[in-house]
Amino acid sequence: MNNLERLRSENPLVICYTNDVVKNFTANGLLSLGASPAMSEAPEEAEDFTRMASALLINIGTLTRENEEDIIKIGKIANQQGTPIVFDPVAVGASTYRKNFCQRFLGEVNVTVIKGNASEILTLIDFNTTMKGTDSDSELDSVNIAKKAANTLNTAIVITGKDDIIAKNEKIIKLSNGSPLLTKITGAGCLLGGVLASFLFRNTQPSIDLLVEAVSVYNIAAEFAEQAPHVNGPSTFLSELLDQLYQMNDITYKNQVKKVEI
């Protein structure tokens, strides 16, 4: 059984502590893929949920003073339960508040994968970095940032951009699938965090090949969505992306994946 078949067979529970803007899209995307999202945010039920969950996604897009302690509590409970965590430090370089929170979170919680654009990942290892928001700086050296971040933070790193870079231990892989229309819909990167979590299967030390598959399945679905005859802009692309995630299979993944080890 390949990983995509396993995902659909097991229908893994993925707890999504994600931002308010993208909850609906993230949930629908994971359902289309074959996972079972739970948008649970209460620390009081975190022990029960993380015990059953395949993974926990934490996305700080709408971080507030009111929820920051809950995020850390839930992360610590997931650690106690042995549940892998995907961490998405959205716009961490945009404010000192976000930088300080991420520094604290990563100091108190062990994460399995950190996903972000080059600017966000750079900020995690160089807190003097500034950025205007969630946008990535295309001139940054994503390969070296990923390598340094993986070593410094001792976790798997996924950097998104025109090409995606995955770094784990001393191995680095560049992926070249995707669609420019992903940048025209809100929550595309946030959904990718959920897709990564769906592929973890309670594994806190996933292989880099598993991470490659998760990212590539999503990006290949985006390519196919862009190419659909009726897609003529962001709105039709968004709905078609859900359909392509639903239709994705292992043969298509293996035939279409564009990857190279660096």
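Each position is counted from 1, following the chain as shown.
Cβ from N, Cα, C; glycine included.
The substrate binding site annotation in Swiss-Prot covers Met39, Gly187, and the record cites sequence analysis as its basis. The ATP binding site annotation in Swiss-Prot covers Lys115, Thr160, and the record cites sequence analysis as its basis.
Recorded features from Swiss-Prot, shown on the structure.
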residue : record                 : contacts (Cβ under 8 Å, 6+ apart)
Met39   : substrate binding site : Cys16, Tyr17, Thr18, Lys23, Ala27
Lys115  : ATP binding site       : Val86, Phe87, Asp88, Ile157, Val158, Ile159, Thr160, Gly189, Leu192, Gly193, Leu196
Gly187  : substrate binding site : Val21, Val22, Phe25, Thr26
Other than its own, how many Cβ atoms are within 10 Å of the Cβ belonging to Thr160 (ATP binding site)?
-> 25
Tell me whether Thr160 (ATP binding site) sits in a helix, a strand or coil according to DSSP.
-> strand
